[in-house]
Amino acid sequence: MKKLMMASAATALMASGAFADGHSEIKMGVILGFTGPIESLTPPMADGAELAMKEVTDSGLLLGGSSVTSVRADSTCIDAGAATAAAERLVSADGVKGIMGADCSGVTGAILSNVALANGMVMISPSATSPALSSPDDNGLFFRTAPSDARQGVVMTEVLMEEGIMEVAVTYTNNDYGKGLADSFQAAFEAAGGTVTISAAHEDGKADYSAEVGALAAAGGERLVVAGYVDQGGAGIVRSALDTGAFDTFHFPDGMIGASLSEQFGDEIEGSTGQVPGTDSPGVAAFAELVGDAFDATSPFTPESYDAAALIMLAMQAAGSAEPADYVSKIEMVANAPGEQIFPGELAKALQILADGGDIDYVGASAVELVNGGESAGNYRQIVIEGGEISTVKFR
Amino acid sequence: MTDFLNALVALTNFVIVPGMAYGAQLALGALGVTLIYGILRFSNFAHGDTMAFGAMATIFITWTFQAWGISFGPLPTAILALPFAIMITALVLLGTDRVVYRFYRRQKSDPVILVIVSMGVMFIMNGIVRFMIGVGDIRFSDGERFIISARDFKAATGLKEGLAIKTTQGITIVTAIIVVAILFWFLNKTRTGKSMRAFSDNEDLALLSGINPERVVMVTWIIVGALATVAGTLYGLDKSFKPFVYLQLLLPIFAAAIVGGLGNPLGAIVGGFIIAFAEVTITYPLKKVLGYLLPESLEPDGLVQLLSTDYKFAVSFVILLIVLLVKPTGIFKGQSV
């Protein structure tokens, strides 16, 4: 009897699975480092992506009323093996139709080459910024709503030069992101006539950074550039540099800019500068309004996450299919001009335009413009620490 | 003369002071590992997360005290919270022993099985800590931040180089000395301490002479809880509390314990300082120091760095390898691994 019930239950499950196919539910993978060095940045990022999915589902317009559900997976940010396994699970077990992610450059490259290419899966990363990802052999499957750090290196140089700083020490987190950014910055800074006294790596999550700070202090420089993570070694370096009096002011690239920077250091780092991808386009305000109090809309890469998820769904609508092979060619089309400009909260309108055969230019929360084979052109918000708070100087 | 003083101050500020504080933190951690190894006979991989747990307990109590308006003057409130946190941590460790380790001890399991079991405990503790206090950075140090700050030192002495000694660094070293003194007094002078050493030296003989093994195990866990809480709290005070980092602390702690000789408390202390100073000194560029000491014509252009900081962990592990190859029992005679 028990066996019979089990069997019928299993049959019912399988049958419902078969019927569920068609146009009712599309799964999208959200693979971010929910544990690991940027674990405090990722929750709002995932919320951003899921907000876009909810907006699309609620509109009931995607591919004749499909709903989009999110399947979260942990990229760990640093462990390529774990990230690959998680992405593999998303594709083979969960059957996702697109991947929003991954976050850190190293694991993103690993997932791209091991999982996405093998399965023809589309990936849009909201935050992988390594220059190395600009030219991988990606079969056109990889996009990012974050700009390459080659651009950030140039912006950083401009900011420092305008402040009249000609000599800096650089420390970077020892991974694809840190190394790529440090190298592109050093090249740009030296080309502009500046001097990099030392470019030293630091490992994340280590117990003690006195050795690194000792080396940086011995090399000297007017300012310390910390190309690291605010939840990780980057903060340790800054803390140790401040405590030993090695450096008073710093320059922070995107990985270091977060709420915990001002919480931890406040006015101790008064006068420090930095830049983070950002824009003054109306999309930012629209996004903040859309999010309300649900989560922190200004947390780094959160707008980019919303945009990455939105782009996948809009491309599906443009292609009339949720299959990656069908919609991949539409991503750049919906992201770039010509067409009606689309801001956050207007996804329903965009879906309708696409359904009617029109064209859209998705601007979104981060002023998306895909160039150079699928990466964001890059707008940066220049910041300064003033009165212990991160405040915006201007956009460039 | 001022050049010489500048060189000395630079060296003290960037090498000696941080090395001492880090060494003391590692030594306290390594003492816990070495006691477990000596008495319970397995490598306790959960020790890093026990430290995280202890520090977390301290933080919660510190917050309670701060809410009540209790403070400790210029010293961090966390010091007041320590005794209570030690009690909580010791209770948790005793509970873990009762639920997990005792079963394997009764089975007379191989040490390697206990090591794997301790890894399980490590992951669970890791999860509990993250679940309770979150994954972010927490700074819970209050009171005076510096004994001497770099700026004040420069103003007071007129030297070009600053010397900073943080309150937390001072507390770390003082507390470490006190804790180690109490531990050694306990192990060498008290009846319970002696029975623990007997149990460590020869379990069978200890049992024959009527030592109650369960009592020895219990006292060991309590001491380990105290050491882990103190080490975790001092480390958190000096840097900042972040659960992820405590997992990473495990490596240098084990290196310290093994270099000193596993199972030998004195070795754990020496090992802690060796590992800490190895990491800091070998990678320290002498450019600044030599710049002060040498005449201008001889001043170095490069950084004069023996090894780039990228290799600082390699340094500790090379020391570890050499010790294991040349003297597997460690510098002070511990049990061989």
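Every residue gets a Cβ built from N, Cα and C, even glycine.
What TrEMBL says about a protein is an automatic prediction, not a curated fact.
Since we're looking at a predicted model, the values are computed, not measured.
In TrEMBL this protein carries:
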- B:20-40: transmembrane segment (TRANSMEM)
- B:52-72: transmembrane segment (TRANSMEM)
- B:78-100: transmembrane segment (TRANSMEM)
- B:112-133: transmembrane segment (TRANSMEM)
- B:169-187: transmembrane segment (TRANSMEM)
- B:216-237: transmembrane segment (TRANSMEM)
- B:306-326: transmembrane segment (TRANSMEM)
Residues of the parent chain within Cβ reach of the transmembrane segment (B:78-100), under 8 Å, 6 or more residues beyond its termini: 46, 50, 53-55, 57-59, 61-62, 64-65, 70, 72, 117, 120-121, 140-141, 171, 175, 217-218, 221-222, 224-226, 228-230, 233, 236-237
Maximum Cβ pairs under 8 Å to the transmembrane segment (B:52-72) - stretch from the list B:169-187, B:216-237, B:306-326: B:216-237
Contact between the transmembrane segment (B:216-237) and the transmembrane segment (B:112-133) (at least 3 Cβ pairs under 8 Å, separation 6+): no
Beyond the flanks of the transmembrane segment (B:306-326) by at least 6 residues, Cβ under 8 Å: 251-252, 255, 258-259, 274-275, 278-279, 282-283, 337
For the transmembrane segment (B:112-133), distant same-chain residues with Cβ under 8 A (at least six beyond the ends): 40-46, 48-50, 52-53, 56, 59-60, 96, 100-101, 104, 241, 243, 247
